[in-house]
Every structure is written in C-alpha cells, then in structure tokens.
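What follows is a single structure, written as structure tokens, with notes after it.
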Amino acid sequence: MPTLGVNIDHIATIRQARRTVEPDPVAAAVLAELAGADGITVHLREDRRHIQDRDVRILRQTVRSHLNLEMAATEEMLAIALDIKPDYVTLVPEKREEVTTEGGLDIIGQIARIGEIVDKLQSASIPVSLFIDAEPAQIEASVKVQAQFIELHTGQYAEAKDETNRHRELAILAKGCQQAIQAGLRVNAGHGLTYWNVYPVAALPGMEELNIGHTIISRAALVGIERAVREMKQAIRGNGA
C-alpha cells in the first residue's frame, strides 16, 4: 500500500481567515506525524493565501518524515526551494483566481522551462515530482525533462458523478501509472481523494504515495487531526473510515 502525505494547507487557511497565529501548521504537522503520517505536504502559493514562507522554513527544521513542497514553476519559488531544500518538490500549475489546483501541469507546452527547473533542483539534490494528468503525452514529456516522480491528478476520478465514470477515470489512472513505471518514473497521486474513494487508487500497482489534505482537515475539525490521520491510513488499506 502507498504511504500517506498529509497536506496541511487548510490549517493555514483557517489561520489566515483571521490573520492571526493559530492554528499553527507546524503544530498540525507534529500531530499528523505522531498519528502516522509518512510525509507532510504544503503548497506555497504565489499569493500566499494560506501557507507562508515562515511556515515552510520552520517545517523544514521540524518535520521528521519528509517535507514535500508544492510550488509553481517560477524563479521566485525556485529560489525559495533552493534555499530551504525540502525533501522533494512537486511542481504544480497555479492560477490566482482558482480556489484550488484545477488540473495537471502542462509539461508539453513548456518543456524547456520545466526541464531547466527540474535540472536546477535535482542538481541541488532535491528530487522533483510533476503534478500531471494521466495523459500519455504528458507522461512522456515528464520522462524527457528527467523528473524522478510524477503525481497523477486524481480530480476527475474524485469528481465523477456515477460509477461508470468513476471506473473509466480509474482505468485512465491505472494505465497512466503503468506507463510511468515502465518508463522509469516513480508515481504518487492526489487531489480530491477522500476516505470513501481513496482505496481503489491506493490499490493501483506501483503507487508510492498519496497526498491528501482537505478531507483530512475537514475530518480533523470534528474528531481531531490525529484520529483523522489514523482513519485515512486505515482507508488506504481498505478498512474504511
């Protein structure tokens, strides 16, 4: 079964709603790890709508599992990553007007630029993952830029309105996962996964890690983050929430 990366962005969302100091994402990360999180994920957005630079710097010093920094492919974010040196970076698309990441990164349309950023990060011993849709051409492009990982965008699967569409989207993810592994890429997945839909994705052969945030933080508001993380670990194993 894949490991669990807990995205704590929405702890920071609650904090930033009042521009105060709590809840602290750093404290949330500690509790998540104590409950069994295998990694901590944060997205430092260009508009700093939730996670702040301070959070990433302190998390780099305190996270005991691994820190996955999601970021846009910009010079500003590249400089921050090279300075902080997270355990790995996931390059994601980003629009200021979006509520959350809306789709996968277009590697094909900016292959030279992405390749340059991947090279600079990996030359600094920072592994790179590319958040992409499970499209054959995007997977091929990810190989060309020499990324070590991809993270398959599971949004279409998660948002499927019926079982027929859900099975179709799962088949697309399965095919993409297989293609990527055969090409030498390591495969993670995430976006929109919940306690109720995570297991079929977790069961895909070769899947290494699932990055999950909103559903865990939503559950944590009711039962606490430690229980919410433990329940997600169970769901990944097919034991339900």
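From the backbone N, Cα and C atoms, a Cβ is placed for every residue, glycine too.
So that you can see what the record holds, here are the features copied from Swiss-Prot:
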- Asn7, Arg18, Gly192, Gly213, His214: 3-amino-2-oxopropyl phosphate binding site (BINDING)
- Asp9, His10, Arg45, His50, Thr100: 1-deoxy-D-xylulose 5-phosphate binding site (BINDING)
- His43: active site, proton acceptor (ACT_SITE)
- Glu70: active site, proton acceptor (ACT_SITE)
- Glu151: site 'Transition state stabilizer' (SITE)
- His191: active site, proton donor (ACT_SITE)
Residue from Glu151, Gly192, His214 whose C-alpha is spatially nearest that of Glu70 (active site, proton acceptor), among the recorded positions: Glu151
Lowest local Cβ density (other Cβ within 10 Å) among recorded positions: His43, His50: His50
Euclidean distance between Cα atoms of His43 (active site, proton acceptor) and Gly213 (3-amino-2-oxopropyl phosphate binding site), Å: 11
For Glu151 (site 'Transition state stabilizer'), the one of Asp9, His50, His191, His214 that lies nearest, given that the recorded positions are compared by Cα: His191
Residue among recorded positions Asn7, Arg18, His43, Gly192, His214 with Cα closest to the Cα of His50 (1-deoxy-D-xylulose 5-phosphate binding site): His43
Candidate recorded positions Asn7, Arg18, His191, Gly192, His214, pick with smallest Cα gap to Arg45 (1-deoxy-D-xylulose 5-phosphate binding site): Asn7
Neighbour-count leader, CB within 10 A, recorded positions: His10, Arg18, Arg45, His191: His191
Structural state of Asn7 (3-amino-2-oxopropyl phosphate binding site), classified by DSSP into three states: strand
Those recorded positions of Asp9, His10, Arg18, His43 having Cα within 10 angstroms of His191 (active site, proton donor): none
In the chain carrying Gly192 (3-amino-2-oxopropyl phosphate binding site), residues 6 or more apart in sequence that have Cβ under 8 angstroms from it: Thr154, Gly155, Tyr157, Ala158, Glu159, His214
Recorded positions compared (Asp9, Glu70, Glu151) - highest count of Cβ atoms within 10 Å: Glu151
Per-residue Cβ crowding (10 Å cut-off), top of binding-site residues Asn7, Gly213, His214: Asn7
